[in-house]
Amino acid sequence: MAEQVALSRTQVCGILREELYQGDAFHQADTHIFIIMGASGDLAKKKIYPTIWWLFRDGLLPEDTFIVGYARSRLTVDDIRKQSEPFFKATPEERPKLEEFFARNSYVAGQYDDPASYKHLNSHMNALHQGMQANRLFYLALPPTVYEAVTKNIQETCMSQTGWNRIIVEKPFGRDLQSSNQLSNHISSLFREDQIYRIDHYLGKEMVQNLMVLRFANRIFGPIWNRDNIACVILTFKEPFGTEGRGGYFDEFGIIRDVMQNHLLQMLCLVAMEKPASTDSDDVRDEKVKVLKCISEVETSNVVLGQYVGNPNGEGEATNGYLDDPTVPRGSTTATFAAAVLYVENERWDGVPFILRCGKALNERKAEVRLQFRDVAGDIFHQQCKRNELVIRVQPNEAVYTKMMTKKPGMFFNPEESELDLTYGNRYKNVKLPDAYERLILDVFCGSQMHFVRSDELREAWRIFTPLLHKIDQEKPQPIPYVYGSRGPTEADELMKRVGFQYEGTYKWVNPHKL
């Protein structure tokens, strides 16, 4: 293997800048104003301000970029700095750059439903570029309850008259098909689809984006990526921690709305879709919509719901169950774990189960796509062979590996499980790539919508899950208890086995570069 040359962060950012500035859509010379609606909130201080700082620090933003915070709270830039800077991870050497960054920040206080407040915000932004061409990006870091008032006032009062306007909308995009359609219809009445960026940060993950290249740039996968060779597909999202005092928000939505209906379903689309005509945003999203249209509504017989309980042998938070969280309503039946089986009813995938599973307070932090292949026909090894699997590990330790059988060293033909290792982190050692939020915000600056959710995608996703969600909301079935730190309810394993997944439990991936 050729020796890998480690790139410094400066070199990597230089390559990224070159890629960005060569693109037609990245208007480096223009003034850009990035407006954070809800600047006083948790999302803004923990994610958005740090992300904009990292992009500014690494020279990835257009040079003449201003950041404007807007919220109801009477704050100053110094207040915003005190709240958000602990999440910046800035080094002492970066202090001068940090001062430059905050010199480009300003803050405007105002109500979300008051037209006069937006006139004041617009006057403030106009003063920043004094009549020159300026583009405006509005990030709605707000609860959906105020979306309608905020978007209406932005459209009527705060749109740039000399450049483009783009609006970033955070999930949840509604609670069901009806509320999502209502929100989509409202926003679509104010903005064109090419101005709307519905952000699902999982679509910014490197390995999620890598799915398309793996599938369509490698000849070896094309002939086997179908129902004749693949027995089942498992899409997993596991967190090792519970709600930890933040259960009030989670209880309103639950694990299906929070993770399954968006993150996991988007990954399913990338696994199942046909090759798009090009990598243009709409070509890719057209193929994803075709997949969603082939999926029927989830059947309750193919769903397992769970809720974690305290581990009597655990320590700290692990001793607390979901209902022990003081912010969770007493007796709540909200699921913190869900497994569901979907079927893509088309020629390529007919009969192949797509198993979606996600949960909190589980045994590990992991997000992955696992394709389990069918048994080898004509077994000559006396049932010693396990099924091949292709695993795309999204987090942690980004990796792609194939579980396969090889001969065990010795005199006899004894097969054993091994892996063909394509560990991403080792191949690109020391390469610091933008994280999901950095990548997606750069996409908005560039006008690329490939990794954002289109209105028809959203509609189909809610169509699939809304009947199940309504049934759960109305009947409030008792979720199956599972112990904090476990693999989840055993009933989920039984469901997976019933639809065709074979869990051997004899193999664990080991990063060979850390041995």
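Here the Cβ of each residue, glycine as well, is placed from N, Cα and C on the backbone.
Within 10 Å of the C-beta of His263 (active site, proton acceptor) we count 23 further C-beta atoms, all protein chains included. Swiss-Prot lists His263 with the feature active site, proton acceptor.
Positions annotated as NADP(+) 1 binding site by Swiss-Prot, on the basis of similarity to another entry: Gly38, Ala39, Ser40, Gly41, Asp42, Leu43, Ala44, Lys45, Arg72, Tyr147, Lys171. Within the same chain, the residues at least 6 positions away from Ala44 (NADP(+) 1 binding site) whose Cβ sits under 8 Å from its Cβ are Ile36, Gly38, Gly69, Ser84, Ala141, listed in sequence order.
Positions annotated as D-glucose 6-phosphate binding site by Swiss-Prot, on the basis of similarity to another entry: Lys171, His201, Tyr202, Leu203, Gly204, Lys205, Glu239, Asp258, Lys360, Arg365, Gln395. In the three-state DSSP scheme, Glu239 (D-glucose 6-phosphate binding site) falls into the coil class.
Among the features that Swiss-Prot reports, NADP(+) 2 binding site is placed at Arg357, Lys366, Arg370, Arg393, Tyr401, Thr402, Lys403, Asp421, Leu422, Thr423, Arg487, Tyr503, Trp509, with the record citing similarity to another entry. The Cβ of Arg487 (NADP(+) 2 binding site) lies under 8 Å from the Cβ of Leu362, Asn363, Asp493, each of which sits 6+ residues away along the same chain.
Taken from Swiss-Prot, the feature N-acetylalanine covers Ala2.
Look at Swiss-Prot and you will find Ser8 tagged as phosphoserine.
According to Swiss-Prot, the feature phosphothreonine maps to Thr10.
Taken from Swiss-Prot, the feature N6-acetyllysine applies to Lys89 (among others), supported by similarity to another entry. Cβ neighbours within 10 Å of Lys89 (N6-acetyllysine), excluding its own Cβ and spanning all shown chains: 10.
Here Swiss-Prot flags Lys171 as N6-(2-hydroxyisobutyryl)lysine, drawing on similarity to another entry. Under the DSSP three-state reduction, Lys171 (NADP(+) 1 binding site) is assigned to coil, being neither helix nor strand.
Positions annotated as N6-acetyllysine by Swiss-Prot, on the basis of similarity to another entry: Lys171 (among others). The Cβ of Lys171 (NADP(+) 1 binding site) has Arg198, Ile199, Asp200, Asn262 as same-chain neighbours under 8 Å, each 6 or more residues away in sequence.
The feature N6-acetyllysine is assigned by Swiss-Prot to Lys403 (among others). Mapped onto three states, the DSSP output places Lys403 (NADP(+) 2 binding site) in strand.
Positions annotated as N6-acetyllysine by Swiss-Prot: Lys432 (among others).
Here Swiss-Prot flags Lys497 (among others) as N6-acetyllysine, drawing on similarity to another entry. Lys497 (N6-acetyllysine) carries a helical DSSP state (H, G or I).
What Swiss-Prot records for Tyr503 is phosphotyrosine, and it gives similarity to another entry as the kind of evidence. Sequence-distant neighbours of Tyr503 (phosphotyrosine) (same chain, 6+ residues apart, CB-CB distance under 8 A): Asp493, Met496, Lys497.
When secondary structure is read from DSSP and collapsed to three states, Asp42 (NADP(+) 1 binding site) falls in the helix class.
Fewest Cβ neighbours within 10 Å among the binding-site residues Asp42, Glu239: that distinction goes to Asp42. Fewest Cβ neighbours within 10 Å among the recorded positions Arg357, Arg370, Lys403, Lys497: that distinction goes to Lys497. In this structure, the C-alpha atom of Arg370 (NADP(+) 2 binding site) lies 13 angstrom from that of Gln395 (D-glucose 6-phosphate binding site). Looking only at Cα atoms, Lys360 (D-glucose 6-phosphate binding site) sits nearest to His263 among the recorded positions Lys89, His263, Tyr401. Taking all protein chains in view, 21 other C-beta atoms sit within 10 angstroms of the C-beta of Tyr202 (D-glucose 6-phosphate binding site).
Of the recorded residues, His263 (active site, proton acceptor) and Tyr202 (D-glucose 6-phosphate binding site) place their C-alpha atoms 6 Å from one another.
Within 10 Å of the C-beta of Lys360 (D-glucose 6-phosphate binding site) there are 26 other C-beta atoms, taking all protein chains into account.
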